Amino acid sequence: MAGGGFTTNGGGAVDFEAKITPIVIISCIMAATGGLMFGYDVGVSGGVTSMPPFLKKFFPAVYRRTVLEQGLDSNYCKYDNQGLQLFTSSLYLAGLTATFFASYTTRQLGRRLTMLMAGFFFIAGVAFNAAAQNLAMLIVGRLLLGCGVGFANQAVPVFLSEIAPPRIRGALNILFQLNVTIGILFANLVNYGTNKIKGGWGWRLSLGLAGIPALLLTVGAILVVDTPNSLIERGRLDDGKAVLRKIRGTDNIEAEFLELCEASRIAKQVKHPFRNLLKRKNRPQIVISIALQIFQQFTGINAIMFYAPVLFNTLGFKNDASLYSAVITGAVNVLSTVVSIYSVDKIGRRMLLLEAGVQMFLSQVVIAIILGFKVKDHSDDLSKGFAIFVVVLVCTFVSSFAWSWGPLGWLIPSETFPLETRSAGQSVTVCVNLLFTFVIAQAFLSMLCHFKFGIFLFFSGWVLIMSCFVFLLVPETKGVPIEEMTNRVWKQHWFWKRFIDDDDYVKDDKIAAANNGFDPASQL
């Protein structure tokens, strides 16, 4: 077939014995609360920016346009304000910077300690936001939250991929994305409730309740064990072996332990992991990881999830109705992510991505057609029936994203990089994701003002491009042990196999052997 290739079980691949132990499930659930915090931050910003008391205090220009001078501005332009967009996007700019420091701590201090640092950043950011007296305090709080996002998004997906047994790695890794969607839903429900509070302080409660997921992540990071990969990488071989025996639920771990030690030995020869990412043999992983992050943002999902209440307000929904509609889309987001947990290790990554591409493309095109005919600059003719239909289409779009590009955009990069470049690769993945999240968050309301209904055609065009990319270039990785990816995935792929040169790996082994007095053949 001409598409993105397939894997085989040949090439001397080994399937290691691993039981699904309680400690693995509990560790993954606790670590994945980092996604809960990220999701709450995504969901809460759109809700509070549609609350009149919040706008009146921090963004009076937008308050005048939306409340005092209704009808003077285009329906599509009343929320177009760079300061308002900066409130949302500043978090992702800080996260982008923090991920470079998080790459170092993930490698040198471990995945667990990096998650703990993320929890402390989150708690500090929540305190600043909930007590904000001016725009400067608000932005400082968002910047601290962004540092937490950078550290959590760096450590959590790697932690989940390394600790999970290969056959359920996809499902456990998607716990991170499930928690993101639960966080968004929780934020939407909180916003819906706090918007009804008299006295104009409901937005403080919305921002302050982010302390709950922040505390959960901090406590979780204290309680979980670090991954065997991380312990071995830092020279704690006995601890790594003990943890591996505990999480696999069997004493038959020698083969996997030796492979982790070998991967760690090779990793230690890499003095400049970011430079090593540019080597030809790492081309498939880095290209796919960067492309998935860019494409994930250009589905348009964060534009909808950030600004769902604002978007529904723009379409003519009243304030309560817009928040209620955002709650509905948040619930669909959660349920659809559960579908992904069930199906990702059965159906596979590629099939979910391709099916979702069709669903997202069609729903966005139909939304654009309806809005083009029904919502004008200074009037909207969106009847109740059409309004409900638009919400249904948005839910159709959100559901397809939630079982595909949402979780798989994080899962695939975290499971494909070899150990020697895993922290650096995850850092680049998070950095690119946050960079384009920042771009979309900062630009969306302005794009909505200028593109109007065409914004959905813009994103649908990108969905078509990314679906072609997946069909041609993204291989299937379900059920493949992380350290076996080269032999069982890249060397079997119709396109990427040309970048995998066995001479590179032989050369690496010779360098390592010369440095350590170690003979790789002795392990065979």
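Our numbering is plain: 1 for the first residue shown, then up by one each step along the chain.
Using N, Cα and C of the backbone, Cβ positions are placed for all residues, glycine too.
Where the annotation comes from TrEMBL, it is an automatic prediction and has not been curated.
Long-range contacts of the transmembrane segment (20-40) within its own chain (CB-CB distance under 8 A, at least 6 residues past either end) are made by residues 115, 118, 122, 148-149, 152-153, 155-156, 159-160, 163-165, 168, 172, 175-187, 209-210, 213-214, 216-217, 219-221, 223-225, 246-249. Taken from TrEMBL, the feature transmembrane segment applies to 20-40 (among others).
Summarising the annotation, TrEMBL assigns domain 'Major facilitator superfamily (MFS) profile' to 27-478.
Among the features that TrEMBL reports, transmembrane segment is placed at 83-101 (among others).
Marked as transmembrane segment by TrEMBL: 113-132 (among others).
Same-chain neighbours of the transmembrane segment (138-160): 28, 31-32, 34-35, 37-38, 41, 58, 86-87, 90-99, 101-103, 105-106, 111-112, 114-115, 117-122, 124-130, 132, 169, 172-173, 175-176, 207, 210, 214, 217, 224, 227, 410-411, 413-414, 422-423, 426-427, 430, 433-434, counting only residues six or more beyond its ends whose CB sits under 8 Å from a CB of the stretch. What TrEMBL lists as transmembrane segment is 138-160 (among others).
Residues of the same chain lying 6 or more positions beyond the ends of the transmembrane segment (172-193) and with a Cβ under 8 Å from any Cβ of it are 24-25, 28-29, 31-44, 46-48, 51, 156-157, 160-161, 163-164, 202, 205-206, 209, 213, 305, 308-309, 320, 323-324, 326-327, 329-331, 333-334, 336-338, 340-341, 344, 402, 406-407, 410-411, 414-415. Feature annotation from TrEMBL assigns transmembrane segment to 172-193 (among others).
Under the heading transmembrane segment, TrEMBL lists 205-225 (among others).
As annotated by TrEMBL, transmembrane segment applies to 286-310 (among others).
What TrEMBL lists as transmembrane segment is 322-344 (among others).
According to TrEMBL, the transmembrane segment annotation covers 351-373 (among others).
Feature annotation from TrEMBL assigns transmembrane segment to 385-406 (among others).
Under the heading transmembrane segment, TrEMBL lists 427-447 (among others).
The transmembrane segment annotation in TrEMBL covers 453-474 (among others).
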Check: Going along the chain, which residues at least six beyond the ends of the transmembrane segment (351-373) come within the CB cut-off of under 8 Å?
Finding: 299-300, 315, 340, 343-344, 386, 389-390, 393-394, 396-397, 399-401, 403-405, 408, 452-457, 459-460, 463-464, 466-467, 470-471, 474
Notebook entry, point to check: When you scan the chain for residues with a C-beta under 8 Å from the transmembrane segment (83-101), skipping those not six or more beyond its ends, what do you find?
Noted result: 41, 45-46, 49, 55, 58-59, 61-62, 121, 135, 138-139, 142-151, 153-154, 306-307, 427, 430-431, 434-435, 437-438, 441-446
Next item on the list: With Cβ distances under 8 Å as the criterion, find the stretch in 205-225, 385-406, 427-447, 453-474 that has the most pairs with the transmembrane segment (113-132).
Entry: 205-225
Next item on the list: Report, as numbers and ranges, which residues of the same chain sit near the transmembrane segment (205-225): CB under 8 Å and 6 or more residues beyond its ends.
Entry: 23, 26-27, 30-31, 33-34, 36-37, 40-41, 44, 47-48, 51, 112-113, 115-116, 118-120, 122-123, 125-127, 129-130, 132, 141, 145, 148, 152, 159, 183, 186-187, 190-191, 194, 197, 243, 246-247
Check: Is it the case that the transmembrane segment (385-406) and the transmembrane segment (322-344) have 3 or more CB pairs under 8 Å, with pairs at least 6 apart in sequence?
Finding: yes
Next item on the list: Looking only at the domain 'Major facilitator superfamily (MFS) profile' (27-478), report the model's average pLDDT.
Entry: 85
